[in-house]
Every structure is written in C-alpha cells, then in structure tokens.
C-alpha cells in the first residue's frame, strides 16, 4: 500500500502541468448575473462563517473549560424556554435576510425577454449543436483534445479537455437567448463565467440567456452525467465585437455554399480515405473505437461487421438515419455530404474491411436533399 | 397470562443455537442486529474499494487506471452500495440491537419477519454485484439513475438492478414496520413516549419516512422496467413521456431518503454527548419536535435537487424557501448539543470524539447545504464537486461517524469487554484527518468549476484532486484499524461493568455486560 502511494506520488511529480492552480473560490465571471450570483455566494459564505465561529466557539470553549480533567462539575440544567425561542427565531431572521437578495437575483435570471439573438443549443452524446435561429447557421461542436493526451502519451495542452473544433460565436454586448434541448439523454450546458447552467432534456426546450460585455474566450463543460464520454463534452464560447461577429457570420454562410458545391465533385479514393479517417476519429471512434472493434455488448464492432461489409445502401441508411432505441445517432444533419461519403468509404475499407467500395459525395447529397423535401 | 409468563421464563434459559444454523434461522434481535452490522461493514469495505478506485483514477489528469465506462460503473455502484448496503443496514442493525433493550421489550415485535428482512439483503446485493460480470457491465448511470440514460440507453443489466432495488425496498419496509410495531406496542410499563431515548424517537420517525418513500422508489423503478421491457413511455419523450417526471418521482423518494440516513445519527449523538458530558440532554422535547419538523419538511423540498431542469420561477422560489427553512430545526439540534456540552464535565473517550466530530463536520455539511439552497447560487454549484463535498460531509463524517460512535459506545455492552481505547483513538484521528483531507478540497474544486462524475479533468483542478485522493486512501485504510478494534474486543479485553460508562442513562445500562441472549423477559418498571 505504502509502496503504491509512493509510486503514485513519484509518477505524479513527473507530469508537468501547464496550468496548475490552487484556486479556492468561485469564479466571479463576466456578466451582470454572474456578478450578482458571486456576491450572493460571498454573502451566504460569510453568514455561514459567522454562524460557525459562534457555534464552534462556544463548543470549543466548553470542551476546553468544562472538562472533567480540569475538575469541572456538571451543572444539571436541561431546559430554557427563552434561549430556545431565541435560537429558533434568530436563524429565521437571518434566512429572511438571505432570501431577499436571492429572490431578486433569481427574478433577473428568469427574464429572457427582448433578446437580440436566439440560439438553439442541442446536446448529443457527446457534442453540442448550435443553430442560429433565422440565420441559417448550424454546426456541431466537438472536443479536439487528442486521445494521446488523454492516455498520457503526449504532454497535455493548455486547454486540455476544454477545447473544441467549432466554438459558439456570439456578439459582445447583445442579449443572447439560448433554447436548450437534447436528442438523446439529459445533458447540461454550463459556462461558469456567464453563470448559465441549464439542463438539456429530450422533449423539452429550456430557456436561458446571457449578455457578455467583453469579447473573449469562455470555457465550460457538460454537467449532467450523459454516458461514457460525459467528461469529454466541452463548451467553448468565443465572444466577438459585433463587427467581428458579422464578419464571422458572413464567412459561415460562404462556407455553407462552398460545401454544397464541393458535394457535386467526384473525389479520389485516397482523398476519401484520408478525410474519412479524420471524420471517423472525431465522430465515430468514441463508441466504435479507433480499431473498429467497438466495446463488446455495448457498442458493436465495425471491423468485419455485416453492415460495414454487406449491402452498401443499408450501411448508408444506418449512418444517415441512426438506429432508434440505441446510441447510434442520425448523422444526416451532423456531417456534410463530403464527410459522410468519406467516412462510409473509410468504414468499408479500413481494418480488414477491404470491400473496395467507394461512396461519392453527390450520391449522399442527393439522399440528404430528398429527405429535406 | 400466567401461562405466557412461565413460557417466557422457561425460554430464558436457552442460549443461541449452535453452528451456522444460529445465523440462518435466528429470530433473536441481537443476532439479527449483529448480522446487519457485519453485512453493512462488508458493504462499506466493498463500496469503499470502489471509492478508492475512483480516487486513484482522479489522482492526476488523464486516464491511467480505468476507462470511462468502468469509471461510471464505479461511481454508480459506490453510491448505491454505500446508501442501501452500508449506511441504511448499519442503522437497522443498531436499531435491532438497541431498540428492544431501550424500550424494555424482550425482542422485536415481529421476530420472524425480522429474520426475513435481513436475509433478503445478501441476495439483493449479490444480484446487484453480479451485474459486473454481465454483458455490457454494471449499471453506469449514477446512483440517481436519471432516465433516459437508465432506460433507453442503459446496459442490459439494468433489469437486475431494478430487481435488486425492489428487494432492498421490501427489506427496508419490513424493517420499518417492525420498528414501529416494537416502539408503539412493546414499551415497558411507565415508558411514555416523552421518556423514550432519542435514538428510539429518531428511529420511529425514520421508520415512518421509510414506509412513506420506499414504495415511491419501487414505483419509479417499476416505471423504468415497463419502459424498458413492456413498451410504455413514462420517461421517453419520443413516446409522449416526460424525462423530468423521473426526477420528480425519484427525488420525492430521494430527499426523505437522505434524512433516513441522518435522523438515526442524530439519535445516536444525542445519546452519547449527555453520557460523556455527565449532564442530561439539553432540550429533549425540542429535539423531538425538531426531528419531526425535519421529517415533515423533507417531503416538500425535493425540487432543490432539480433547480437547473427549467422550472417556473414560482416553483424555484417555493422550493428555495422551503429548503432554507430546514436550517431552523437543524440549527436547534446543533444548539442543543452544544448546550448539553456547556458546563458539563466532559471526558473524551472514542465515542465522544466521534460524536463531537459529528457535530462539527455535520454542521459544515449543513452550512454548505444552506448555500446550495440559495437557488441562483445553485446554478453555479449544481452538479459540481461542491455538491459532492456537501453530501459527503453529511454522510461520511455525519452518518458514518455517528454509526462508528454508536458501535464504540455500545460495543462493551454487546461483547462484555472494553475496546482498546488507544487503538480506538488512533482510528478516530486517522479517520478524522483522512475524511477532511478527502472532502474539504472538493469544495474548492467544485467552486472552481469541476463537474461531478467525470473520469478526467482540466489541468487547473489537478492539485486539489491529488490531495483528495491521498486523503481518501488514508481514510479508507484507517477503517482496517476499526476492524482490528472490533475483532480484538469480541475476543477479549478488560471486562466491562453493567454500566460501562460513568452513570449513563437508559435501560441498556441496567442489564449485565455482555447483554444476555434474552433480556427483559419480564418488563422493567420505568419511573
């Protein structure tokens, strides 16, 4: 046991931390709401400290002075109605004093009216989808911490586990309303610096809002246990000046048009396989594993499976539409036609699946379009 | 009447049956109490090993020892085993041993049912633990098993989990009925309700809570079962169901459940502090009323576990105010304990040390609970390690320390020997240091923003996680000292007097040590 502890200590001291801190308190955050919550938190904290000092003070004073070894004799009193009434009513008064600012803050938090921008936030196992309502901007946000870092084969980067491919971009100084929901299990969308935390529940749309005064990058995580990769579902919000935000919005719209045109072009097998591997790693490997073997009786293997080596249209159908009642999601909306074609091609030719099948982006695009009508 | 009397005095001469059969077929409350206590200690060690597995993985960032899917099984099973396997059976064990003696009854009111309610448990937990060897692994959805993670997305072993929960529920309900029947019907002449020792009072109230909420738990797992196997959609949004309904039903059970795990602890501490302060308990009747108010309030605060699920403002406000109210009766209890110590003549044997640590550390857990009750602040605390710190403070140095205090307090009565005092104190100080080193830093990492139930974490949480893991190993391994103390005391030690301590109050100190196999076959007269 001792040896194991020493071993752990030694191995721990060899890991260089990029940003180890002894942070004690809550983050004050950057929004009005987060500031009032922080003040509320400090208020209750000091009230609790005061109560503790009084109660423990009397107790330790008695422990020190009224001990038998110091010759203390027990005084046999065991009731005092006045004292008992006082120590029932005094806490009651303190509670009322605490409830007033708490109520005021809560009322402020529950006012999502007059928002400048509505964003639908949807939880998926284990990624977030952001849809800018009325803007035709819609994308997924995946973790990008490589598995080498998680498995200690590479040094951990500064924002280990708190980094994503596509951050949520919002304008500073505008009221943003979030409409939060989920397609599978319950998740919870939390950005500590905004003091926004709301559960993402399938079948429900929850409301929350924020107004961030300063541009910056803010990080958070999913806070409701949502399965295997619950710890690997970060949130990154990139707050930009309104002008920069407009620029970004235009870029996003351009990118969408480009994606649509590239879906019409034929791709070589090598290009598909290369792209497919990258898509597989970010979207499929969490369950089906890098080696395509899955996890026995939890997530099926793809290597040598009937789907990945059998009828190609069944394979495409499964990836696009998912399988209800299982963890297999519908990727139709999540991935572009090129990505879908690439990943299906990859799955049919990686490992021992040497089918030689190639899926063209145009074919997938056609299916995507057909489903929309 | 005369006939019954002669029959009773006849059986008094019988000792326990010999061999293993004694333990399988016993209807003796002391034997069954012993069985419950050993069972609970075994579960405590098993659940503790899972906790150490979790802490070892969280010792530093990155995945070192176990993979996320197994990590989730560990957190789930650790919680379930500690709640249903360790803490609850330990209190039932203490109740079995002490309640009949404390009220001056010869045994529990329903001795055969008593045997049954214990012997269901090993089978329930064998079934629950067997899920580790099943396809897809053990339950991995947290001890709160929120749907639809625990229904549509659950491993196949969830069905065994449901059956095991049903069995535990049946066992608890039978135990509770037995306790109520014993306390209400079998008190010695003169033992009026307001003369009952507080341990008896708190257990009476706990038993009513159990009867009220265990059927709710049975209901919610049955709804899960029909969702999984019979095509219903209670919790399935796609079928018109409501995943939030699950949380309401679960926490309607779950909140009283946490008081089920703490009220008997209040009782134990209220027995121990007066004995070692050599002074009557301050405010006996206010203790009874405070316990009853806490029990009542426990039914109207369940939504404070769900402040972030998206409730209407009025709902949040109601449950925030109701939750804050609990601080009042809880405060009364703490003040009463302090007033009992005030101007007493205190000594600090191991049971007293555990009881004082209980008062201090439970109060810290209570104060962090008050912070969590403030709904707007809870948006920052919810589902972080701050919550983990809070409920471990009330359950480990709260409930578990009270159980240990009770064991040290009554062990001389059970075995007829004093336990080794120095070793007991070593156990206390190791546990005390270990527990604080483990759970205090969790407040900090929670406030800094680390979510609970994650197998890996961002780098800024590394330092305090390492401290917590070291503390956990100290606490875990100190419990082996406890095992040594108990075994040594059973085997020998200086013989205990009938009174055991300096002028303690209560019927248990009027019978010889060790307590004879049958006690109070003739009821004592209580003045």
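Placement of Cβ uses the backbone N, Cα and C atoms for every residue, glycine included.
Heads up, TrEMBL stuff is auto-annotated, nobody curated it.
In this model, the domain 'Cytochrome oxidase subunit I profile' (B:23-527) carries an average pLDDT of 96. What TrEMBL lists as domain 'Cytochrome oxidase subunit I profile' is B:23-527.
Residues or ranges marked as transmembrane segment by TrEMBL: B:35-56 (among others).
Within the chain, the transmembrane segment (B:76-97) has long-range Cβ neighbours (under 8 A, six or more residues past its boundaries) at 29-30, 32-37, 39-41, 43-44, 46-47, 50-51, 54, 108, 114, 117, 121, 125, 128-129, 132, 138-145, 161, 165, 168, 172, 175, 179, 199, 203, 206, 257, 260-261, 264-265, 268, 395, 399-400, 403, 406-407, 410, 414. Feature annotation from TrEMBL assigns transmembrane segment to B:76-97 (among others).
The annotation transmembrane segment is assigned in TrEMBL to B:118-138 (among others).
Annotation comment: TrEMBL describes B:158-186 (among others) as transmembrane segment. Residues 80, 84, 88, 92, 95, 99-100, 103, 105-106, 108-110, 113-114, 116-118, 120-121, 123-125, 127-128, 130-131, 134, 138-139, 141, 145, 150-151, 196, 200, 203-204, 206-208, 210-211, 214-215, 217-218, 221-222, 224-225, 228-229 of the same chain lie 6+ residues outside the transmembrane segment (B:158-186) yet bring a C-beta within less than 8 angstroms of a C-beta in it.
The transmembrane segment feature in TrEMBL is assigned to B:198-225 (among others).
Long-range Cβ contacts of the transmembrane segment (B:245-269) within its own chain (Cβ-Cβ under 8 Å, at least 6 residues beyond either end) map to 83, 87-88, 91, 94-95, 144-147, 197-203, 205-206, 209-210, 212-214, 216-217, 219-220, 223-224, 234-235, 287, 291, 294-295, 298-299, 301-306, 309, 333, 337, 355, 358-359, 362, 391, 394-395, 398-399, 401-403, 405-406, 409. Summarising the annotation, TrEMBL assigns transmembrane segment to B:245-269 (among others).
Counting same-chain residues at least six beyond the ends of the transmembrane segment (B:281-305), those with a Cβ under 8 angstroms from any Cβ of the stretch are 194, 198, 201-202, 205-206, 208-209, 212, 247-248, 251-252, 254-256, 258-259, 263, 266, 270, 273-274, 311, 315-316, 318-320, 322-323, 325-326, 328-330, 332-333, 335-337, 339-340, 342, 372-373, 375, 378. Taken from TrEMBL, the feature transmembrane segment applies to B:281-305 (among others).
What TrEMBL lists as transmembrane segment is B:317-339 (among others).
Under the heading transmembrane segment, TrEMBL lists B:351-375 (among others).
Residues annotated as transmembrane segment in TrEMBL: B:387-411 (among others).
According to TrEMBL, the feature transmembrane segment maps to B:423-446 (among others). Sequence-distant contacts of the transmembrane segment (B:423-446) (same chain, at least 6 residues past either end, Cβ-Cβ under 8 Å): 55, 349-350, 353-354, 357, 361, 368, 381, 384-389, 392-393, 396-397, 401, 404, 408, 452, 457, 461, 464-465, 467-476, 478-479, 481-482, 484-485, 488.
Taken from TrEMBL, the feature transmembrane segment covers B:466-487 (among others).
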Take the C-beta pairs under 8 A between the transmembrane segment (B:351-375) and each of B:35-56, B:198-225, B:317-339, B:387-411, B:466-487. Which stretch has the highest count? B:387-411
In the same chain, who gets a Cβ under 8 Å from the transmembrane segment (B:387-411) while lying at least 6 residues past its ends? 37, 44, 82, 86-87, 90-91, 94, 97-98, 258, 261-262, 264-266, 268-269, 271-272, 275, 349-352, 354-355, 357-358, 361-362, 364-366, 368-369, 372, 381, 417, 419, 424, 431-432, 435-436, 438-440, 442-443, 446, 452, 475, 482, 486, 489, 508
Give residue numbers and ranges for long-range contacts of the transmembrane segment (B:466-487): same chain, 6 or more residues beyond its ends, CB-CB under 8 A. 41, 44-45, 48-49, 51-52, 55-56, 58-60, 396, 404, 407, 411, 419-420, 423-424, 426-427, 430-431, 433-439, 441-442, 445
Long-range CB partners for the transmembrane segment (B:198-225) (under 8 A, at least six residues beyond its ends), listed in sequence order, are 91, 94-95, 98-99, 102-103, 145, 147, 150-151, 158-159, 162, 165-166, 169, 172-173, 175-177, 179-180, 183-184, 232, 234-235, 246, 249-250, 252-253, 256-257, 259-260, 263-264, 266-268, 270-271, 281, 284, 287-288, 291-292, 295, 298-299
Would you mind listing the long-range same-chain contacts of the transmembrane segment (B:35-56), meaning Cβ under 8 Å and 6+ residues beyond its ends? 23, 26, 64-66, 71, 74-75, 77-78, 81-82, 85-90, 92-94, 96-97, 118, 121-122, 125, 129, 400, 407, 438, 468-469, 472-473, 476, 479, 483
